[in-house]
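Sequence annotations record features per position, and here TrEMBL assigns transmembrane segment to 253-276, 282-301, 360-383, 414-434, 440-463, 475-495, 525-543.
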Amino acid sequence: MASEDVSSELQAEKKADDFVEVDVTKEVDLVDYYEEAAGRLVVDPEQAKLQFGEVIASRLKLSADGSKILWPQPTNDPNDPQNWTDFRKNMHLLIMTMSAIVPDFDSGIGIASIFGLAQTYDTSTGAINNLTSNWSIFLNGWGGLFWVILMRRYGRLPVLFWSQPAICICVLDRRHICTQSSYICRNALPDRVLWVCHHVIRKFVKLNTVAELALKLRYGYDNLRDGSNIHQPLKGLYIVADIFPFHLQARKLNIWTSGFIISPFLSPFAFGFLVARTSWRWAYGIGSMYSAIVLLLIAFFMDETMYDRHLTSIPSRTSTGLRYRFETLIGVTGYKMAKYRARWSEVLWASLDVAWRPQFFFVVLFEAFVFGFSIGVNIAVFIGEFTGRYMNDFIMNLNIRRNGGFFEVESRLWTCYVAMPLYICGFLTLGAGIEHLNTAALIMGWGIAFVAITLNTVAVYAYCNDSFPRRAGEVSALLNFARSMGGFAVAYFQVPWATKSGGLVVFGTEAAQVISILTLDHPNGLYRLVIAMFLIAVPMTQLKGGYFRARFAL
């Protein structure tokens, strides 16, 4: 009888989660466990005694109140970002949120200046909108897939820093350009090249004037800048994962996502009255000042957050003090450390390695359409941030209690069930307000819709980040790509469609496309696929998430 008790006790002590078996007789690599058990982590300290054994469980570092295990486990190195003070961590989060605002904030200046730009360049407001906003959204999505490669090799800080001077110069350049012709002259285009370009583009793009050619070239250059600048919003997920423990990440993601969601509206809100009373160049001038402030904050207050936990012995610093900080800022330290990090062959294909996995693909495709339609209507984000902060924590804690101390990542998606009814209500109200010129309905619908979008976006980011903790950068880049591609085309067809059919039809259809499989009868098969995304993506991922994680794990 005693032998049976001992045997059952040993079996209980060796019991692991569904997919990661832990042998308590050996030393456990907690870094590997955190990454391999992604999606189902032991969080309760009492459950950890069964998972890892008494000896290892006693060495685990816990949250300040002792209720949760810290993942990833902080090391004893004071340079580990997980060991930073709360003030230092929150300072980095604030700067990253301000930095995430920059790309769409700068693009939105074109919306505030749209009538002044159209008058100055003798073209239509529709052409200005397509040049300043739509292509910017498109290139934002592709840019992140490139920059995440450099971040994994050389670190977060130098990649972020080197983009900022270019941003300031580009926005300031817009401020000082007087005419399209002067833009061409400043770029030293010879008359012959200008003549050839003019006739070629008139033939294929149907531009009518040299001025329109110049405007196209100018914003093509600026949109390329936006594509190179998109790593700022995607770097936020990297930093949140680098410096905050697992159980706080969703709360911090609320703050960061609120920054880039609200950013397209800030510049039209701030500069709409300004441009009506003075030149649109002042708007671009103030935009360049904001970019310069962010640059100074990065240079003086930010540190490298990438910490190589997989190295058993991290190389000692070859320099200290101000010299070390300068070398880290400009990328010298990252270049030296690159040989210890992921190889080029790995980082080049890392995004594709994540994108095809079903536990990621369906949820991200769903988010692409939810967020994408919101781009077309370019301040209820703060309400969404406040609500999401407590809702995500409540769902996480409830899931941990119901699963005996384990956290299952699919529980993050329960927030989507709260967001989608609000999404439908908001878009229908917004469409009715636009069609019937009802100001109250317009404001209420807009507010409700963006509460839903904020809740849904945070839930999807938190789910994907928890599913692939080793690939935070790739996850962020792919999510940004999906959001951008989902919204890129909307701005081209939404205004003509609303003019022809009315706002209620437009926004009602867009809400139906995301949530319902019965409400829209359209001959295009793609619409039927889009309509079913929510009902397919979220319930299927929740029901089959455990199988997906076991079968398609990294």
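Each Cβ is built from the backbone N, Cα and C atoms, and glycine gets one as well.
Because TrEMBL annotations are produced automatically, they should be read as predictions rather than curated entries.
The shown structure was predicted, so the numbers you read here are calculated from the model rather than taken from an experiment.
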Most Cβ pairs under 8 Å with the transmembrane segment (414-434), selected from 253-276, 282-301, 440-463: 440-463
Other parts of the chain folded back onto the transmembrane segment (253-276), taken as Cβ under 8 Å at six or more residues beyond its ends: 93, 96-98, 100-109, 111-113, 115-116, 233, 236-237, 240, 282-283, 286-287, 375, 378-379, 381-382, 384-385, 388-389, 392, 450, 453-454, 457-458, 461-462, 465
Intrachain residues whose Cβ lies under 8 Å of the transmembrane segment (440-463), provided they are six or more past its termini: 237, 249-250, 253-254, 257-258, 261, 363-364, 366-367, 370-371, 374, 377, 379-381, 383-385, 387-388, 391-392, 409-410, 412-416, 418-420, 422-423, 425-434, 475-476, 479, 507
